Amino acid sequence: MVGGGRTGIHLLLGFLIGAALALFFFSSTPSIDLTSSLAAFTSCQNQETETNVLEPSALEKGRVYKDLSEHWIVHQDDMPAPPHNQDATPKVTRTRFAATELGTRERVMAAVMAESALALSINATLGRHVPRVHLFADSSRIDNDLAQLTNLSPYKLNGQKTHSMVLGLLFNMTVHNNYDWFLLAKDSTYINPFVLLRMIDTMNWNEPVVMGEAAEDGSGRCRLDTGMLLSQPAMHALMNNRNACNNFALAADDDQLAFEKCIQIATNLTCKPLHQGVRYEVWRGAERADSPAAHDSIEDWKHSPAFKRALAVPRLLSDADASALHDYFVRVEMQRADREIIKMEAELSRLAEQEARETGEAISWPPALPPYAKPPNRYQVSTWEYFTMTELFRSEPNQNVRRLEGKDFDDVAEVVVAARQQVESEEPELEFVQLRNGYRVFDPRRGMDYMVDLTYRKTVNEMPEVDNRFESDNEAAHEESLKEIVVERRVHVSRMIASTQLMNQAPYVKEDTDVTVVIPVASEKDVLPARKLLARQARLCLFPTEEARKTRMVVAVFPLIESRSVTAITNDMEELKRRCKRSLLETDVLPVHPAVSTEGKGTAAAAALDDAVDRYGANTIYLLLSPHADVQKEFFDRARINTIKHYQVFFPVPFVEYHPTISGMEMTEKEEKETPTEQAREAALSRLRDGVEPKRKRTLIVQKEHGRFDSQDFSCFAVYGVDYVTARAKFGQNERRNDLISAFLGQDSIHVLRAVEPTLRIRYHKRSCDMESIDTEDIARCLDSKKENVAAKDQLAKLLFHEK
């Protein structure tokens, strides 16, 4: 009470003193003060006009006012947004598609009047190149083949003309999907798609125009039997005024004439065969009634340049005419493309030479391709692979040579043929002998480059030509002077990257997915490694952290395991669960009863995963671990993020430990220094002969003396349950395998991710391969992995060969 009173006294005194000072310096009448202030302000503002609204007081007359507003900065704050239910601002109506809002459209649409079976041929030839082809047919003329087309719109005339129905259907189709150009034609007219696409790429579409062949009566309308090309503004006018055609239609006019008149009346445009320097070319070689069919006359027509430039060829009689014309125009277009390529290559060579002169650098080959990439350091230098016609030498740590087969053989054979053609075209007198050497390298900017050394045989004449009266002596001397020599030719071949494709974006992945770790224990020799794995996992929980993700540790026990071993594993699982309680770790022992022998790891893994998916469901990640695995905590996070449902499975490349006796890991570093080399070698050989179980005395680290990353080891992988069930259907229930990688290969929807995983290590163990596996590649893969994981080559050499 006393302390609060003392504080309040000071506050009250300060308030009273401030009020007294305010009353002393300022007037107590607010109206007078306001009037004086306003008078002073208006006096300053009206100095130029010398008119004062209010008379300033004596105090205000003595004050001097300065204008400081020129340095002011005006800040305009946005008004607060009103609630959603009180927003009276009209909202902008957005279009559904960005293409509609931006005004982007497809280039051309072809509308074909289907009257016979020729419509199928026109649809097949034109539809491969034009963005949109649509057929319109009278329902009474549609047969079974025509009815199967998805781009067909049938109609019923009901006493009306064809144009009224077709234009009505076109109006409905172009309300939302518009085009720059519209082609109207009959199915008896062949349209050259290559000429059509070049025409629309050359002309501007925003001018109303109707292109085609004008009628002979001079009316100015375009003929429908030779086709007509309408720009987007012309088609827009046709759609808006299409109903006016009915007022001018005559009953005596046929459908084609009525259609032509309707287009002329509705668009109010005259037919133009020439527009912006582009001509609408029509070939009338088969116009007469007695003219042969088009497919019989192509050999005569192809000599005419006008035929090669033709856009429309009317009066087709059969499907053979359309197919023959299309095949011919495809050949013409390919020849034109070849000429353009040759012209472009010459231009690129000229530009490359010009750039080389300006920069002072060497000319890259082939022209227009960037030179070889310069490596940033010596560790990233591109490695050339050496090959012959039977073998391929790769840059691999443990395998130097492989047989040339499969796609590699096809690649080398094609390159050798191309190199031979180049050499033999320049020197036809050479006789090919063999491929001597070959090298290849991949550059991501250039493609695949090859250097091919070819051996040829050449016959030369060593005797100079002299005049001799005896012809027989000349022939004998000439034969003696002939000599075969060996000629070497080196050819550089480049296989450029023809096309690139962006991969589909991978789905979004989160790291909070539940994981079920499955450890199959198929025999007694797997019990001790599995218990060591559980003990290492328990040590990871010595410093537990709060974990929101659930991890389930499951040991799959097979019938061959003794009961005391099962009891020991169960006790270890209980201890693991107790130590990792804060990490949301669950444990379980799963009895498995396979139908076949589990000698192969793949068979045991399949049986364990089958029962695990049945018990725990298919909507979680299953991480299969070998009993001999040694994993770190980070490995589970990578398994979560690299396993994607319905998209990707994760097969890590583990670090496999070498035999500790051969690699010298049974001795500590101090013992290795104190023990002579020969004595250590003899001791290692003795332990190997006696079959002593190796015991590592050093920490297993990722180093080349301790082991290797085995790319042929597929014993550990992560997969979603639903993806495993889908892949499991490829295998029979009684099939024996060494691994399960082949189940996920060859699937379009599932990707296989392989990555080197330093946090996954496989302890050394005597690996057994099931020789009764149904897959020969599976057996070969297991045997190769078993041999290469014994030790490094230098370690084996030091052990087997005594250094003198």
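Cβ coordinates are placed from backbone N, Cα and C, and glycine is handled just like the others.
Residues or ranges marked as N-linked glycosylation site by Swiss-Prot on the basis of sequence analysis: Asn123, Asn172, Asn268. Summarising the annotation, Swiss-Prot assigns topological domain 'Cytoplasmic' to 1-6 and lists sequence analysis as the type of evidence. As annotated by Swiss-Prot, topological domain 'Lumenal' applies to 28-804. Annotated transmembrane segment per Swiss-Prot: 7-27, in sequence order, evidence recorded as sequence analysis.
Here the features listed in Swiss-Prot are painted onto the structure.
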residue: Asn123; record: N-linked glycosylation site; Cβ contacts under 8 Å, 6 or more apart: Val112, Val133, Leu135, Leu149, Asn151
residue: Asn172; record: N-linked glycosylation site; Cβ contacts under 8 Å, 6 or more apart: none
residue: Asn268; record: N-linked glycosylation site; Cβ contacts under 8 Å, 6 or more apart: Ala237
Checklist entry - How would DSSP class Asn268 (N-linked glycosylation site) in three states? => result coil
Next on the checklist: Averaging the per-residue pLDDT over the topological domain 'Lumenal' (28-804), what integer do you get?
Outcome noted: 84
Item to check | Where Asn172 (N-linked glycosylation site) sits in the secondary structure, as DSSP reduces it to three classes | outcome: helix
